[in-house]
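A.B. asks: There's a structure below that I have some questions on.
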Amino acid sequence: MVGGPISDCMLVYPGSRWQALLPCLLLLIASVLKLYKCAGGWTPLISNKYQWLQIDLGERTEITAVATQGGYGSSDWVTSYLLMFSDSGRNWKQYRQEESIWAFSGNTNADTVVTYNLQHSIKARFLRFVPLDWNRNGRIGMRIEVYGCVYRSDVADFDGKSFLLYRFNPKSTTALKDIISLQFKTIQRDGILLHREGQNGDHITLVLFNGKLSLLINIGDAKIYSADAQVNITLGSLLDDQHWHSVLIEHFNNQVNFTVDKHTHHFHAKGEFNYLDLDYELSFGGIPVPGKSGLLPWKNFHGCFENLYYNGVNIIDLAKRHKPQINIMGNISFTCSEPPIIPVTFLNPNSYLALPGTSGHDEISISFQFRTWNNEGLLLSSKLYQTSGGLLMYLSDGKVKLSLYKPGKTQSDISAGAELHNGQWHSVSLSAKRNRVSLVVDNESTSSSHASIPIQIFSGDTYYFGGCPSNANSSECKNPIGGFLGCMKLISIDNKAVDLISVQQNSMGNFSDLQIDLCGIIDRCLPNYCEHGGECSQSWNSFYCSCANTGYMGATCHYSIYEQSCEAYKHRGNTSGFYYIDSDGSGPLGPFLVYCNMTDTTWTVIQHNNTELTRVKSANRENPHTVFFKYAANLEQLQATINHAEHCEQELAYHCKKSRLSNKRDGIPFSWWVGKINETQTYWGGSRPDVQKCACGIQGSCIDSHHDCNCDADRNEWTNDTGLLSYKDHLPVTELFITDTNRPNSEAAYKLGPLLCQGDREFWNAASFNTEASYLHFPTFHGELSADVSFFFKTTASSGVFLENLGIKDFIRIELHSPTEVTFSFDVGNGPNEITVQSPASLNDNQWHYVKAERNIKEASLQVDQLPQRTHTASSDGHIRLQLNSQLFVGGTASRQKGFLGCIRSLQLNGGALDLEERAKVTPGVKPGCPGHCSSYGNLCHNGGKCKEKYNGFSCDCTFSAYTGPFCKKGKHELDLCIFRSWLFSCVQLSGILQHGEELQFSRCVFPSGYDAEQRSNHFCLSNDADPKLTPLCKLLL
């Protein structure tokens, strides 16, 4: 293929002149004609923000790149511009490079060619280049090249009453594999796109509802109450914009991939979804009547389909050739009609549209449609004829309100509608005659208001829509609420439609800061950047995340409000109690409730639903007794907690009378348990996985030396095999199987304790940097949309870089800038930004200090210790992805300059810890660990307790104190742990007296609301000194 001039190229340039040659405006398919070979260019007579260059490519074209250059031999060039496209030369759409990048960077001189390969191609006939900024020492000047090729497609136009019915080969009526792809465009918010159903009520339907696409799957009326029987997946937004949107549905067995434009939902259905009983016909654009599925009467689709394929079959091509597999129901044409509707966008608070009215009439009739995300803004303002009064129509709290005012008269206010800031198109109709006013929203009687007013109404000569001119006086145009940000269309005054193209060409009316012939609304909650279940809401310029009840905080609900472990709570000075922990911080796992037992070492206690001693009879291999243990956390949360811990254990007790565990005869065990990796385990408490024994077998103390477990002696008397399971890769116990209690006098009982985990090896994971040239390096940090970094440091140096990660242009860096300043700097493509926290005290005091930095698409923040957090708000229009590609440097930089001298500990990136100690072991100039914790945490030891250094942290020595506990704050006999067998509960401290007159503090169990009496009885309490006298006291309190 060869490139050449655009045939019959049409350029549109309002109020401008062009010094251009058509050969410069080329559609290049294979070869490239260099722009700098062309002279001339386009330069409008007036350089302002209302100029554009429009190109008609003659037919729909797939455009893959554009290039620009300034005016030949001049000082005229454009430094930034918008690129718009359209199929018809009306209803334009702006091209976006990324989620929020609208503008293209242009030229810096008249000669250099700047080329953009489009991230996703444009399929359109018309292009429009809109200059945003230009060389202020010259004028607007452009030479343009466009690269691409002719785009061919099959199109069908549905009139809202028609549909296609496709019958395919009925070899199988079970839908195990289906692939459906299409593009569509419409201005209607509702309509059926496709439907397939079966005899028993099974059906798959794709429906457009309120501008969103819903994929509805139902497995039969008989199964309607099954949780797996119905699926409703919704994607997309604002799809009623008369622009092309792509849809792909892939159904393989019970896996469904549903894609609308660039957004995909992967759905894995369960059970009977494999066996959808569907007929061998498929309808597009509507549902045959009568339908067997009993669906609500959805509207037929009104709009266009393009490239409609079912399992590789071109449906529209079959229809065009009138093939027998296709029935055309109603009127369907094979070209796409374009409705003559011209929207207008109010871009900012200074936007307004002034339209002429007929002055002095005793009747006012105005109607229009609008869509917005803002719940308030001026819709219409007009001064009444020969009076200082006027009328105001505005949005307030999502309602349309109308105020009519006149000096000396009571102001008349009426309102209609509700929740009108939902992004949907809403119609408004105002009619007033003499002293009677009517306001109707969405043509619904329930959303209308009528009133008689105490003033006579006569129309003025100008109507201001959306706002007021900056130079208008308040009597001419009144705006007490702020400008409207959104779109309007179908504006009618005195029952005559307003020609907005004439307004655009300055033939009538006046305007400022408008985009005419496009609606620039976008859904900022699609995709939803609110993390961890945060609820997204939006205005015209931004989105907001509600983090209520999520357990997370920040602009995008990214950062957890809870610590990652009990160890972290302890070193904030917290004592034993119930706490939520979030094992992976800002990662995908949610928080869950544990009991933190703060002793010399910290224990995390995780309960399950079956801690009672349970007896078992009549179980055999054909009918085993099976127990499933459900924990207060899911398996992913448990695994993260276990991985954090230095040690974990769980006590498993098996009491037996003629009930064996192992079976040496045929090797098939009589009882076994299952851990988190879902593998059968046949070793028991006190043993190891490779030994396959019980505790007595390891200790050589079994009651029968011929066996490795007490229960395997098979005696007709009670004995037990009890011990701790401590192999972390197998914990926790999730299932238990017992089979040998079916013989005479055979019986067993089991009891599984809570999962206990000790310490947090990541909290104290540290490295010491001994030279300025030393550093640790790790793989690239990936935090494109959300990135958080937290760590502790201590140093005596005055400055140094904590960490750095670079990209081609992007970077992040955190450094000690001076003895009192920590700086977080970054660039995501919009230019460097810097946040600094200044401390009133020196940070190089050889004490541990905490740093937390976060960057997301809304804002960046930096916090040091408990000092106020500093925040930088991100631009709503710019690059949003942090793209890094170098190694992550810790304690230094790639240039080996400004290295850090001191210690860094507990370095977390997006909730994941970096193992500084392991990397430090093999890195010159860096040592694992960091001594001197008591200098920072010694003040946590109270009442004469002495701080003792440990490799991983510290402890308080209470030997010479009248108190005990992790911080020497407890009475000597205070109970430390009260565990409920079924559920966790809170404890309050009370005082009591032992027999010998010693003071005692013990725990009284306080139960959640709704806790019944039977559940209250299932508890036990443990004390620090295991004094058996204390347990009855705890029970007496209930």
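We number each residue from 1, going along the chain as drawn.
Yeah, the Cβs are placed from backbone N, Cα and C, and that goes for glycine too.
Remember, TrEMBL labels are computer predictions, not curated facts.
On a predicted model such as this, the values are computed, not experimentally measured, just so you know.
Marked as disulfide bond by TrEMBL: Cys903-Cys930. The domain 'F5/8 type C' feature in TrEMBL is assigned to 42-149. As annotated by TrEMBL, domain 'Laminin G' applies to 155-336, 342-519, 765-930. What TrEMBL records for 521-558, 931-969 is domain 'EGF-like'. As annotated by TrEMBL, domain 'Fibrinogen C-terminal' applies to 557-608.
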A.B. asks: How about long-range neighbours of the domain 'EGF-like' (931-969): same chain, 6 or more residues beyond its ends, C-beta under 8 Å?
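C.D. replies: Distant contacts of the domain 'EGF-like' (931-969): 567, 570-571, 573, 575-576, 598-602, 646, 759, 761, 763-764, 794, 846-848, 976, 1024.
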A.B. asks: For Cys903 (disulfide bond), which residues in the same chain are close in space, meaning a Cβ under 8 Å from its Cβ, but six or more apart along the sequence?
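C.D. replies: Counting only residues 6 or more apart in sequence, the Cβ neighbours of Cys903 (disulfide bond) under 8 Å are Ala766, Ala767, Ser768, Phe769, Phe793, Lys794, Thr795, Cys930.
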A.B. asks: Mind checking which residues reach the domain 'EGF-like' (521-558)? Cβ under 8 Å, same chain, six or more beyond either end.
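C.D. replies: Those are 99, 236-238, 263, 345, 371-374, 423, 485-487, 580, 582, 586, 588, 590-591, 785-786, 788, 854, 856-859, 861, 876, in sequence order.
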A.B. asks: Give, as a single whole number between 0 and 100, the mean pLDDT over the domain 'Laminin G' (155-336).
C.D. replies: 83
A.B. asks: Please work out the helix, strand and coil residue numbers for the domain 'EGF-like' (521-558) from the DSSP assignment.
C.D. replies: 0 helix, 10 strand, 28 coil
A.B. asks: Of the residues in the domain 'F5/8 type C' (42-149), how many are helix, strand and coil by DSSP?
C.D. replies: 0 helix, 61 strand, 47 coil
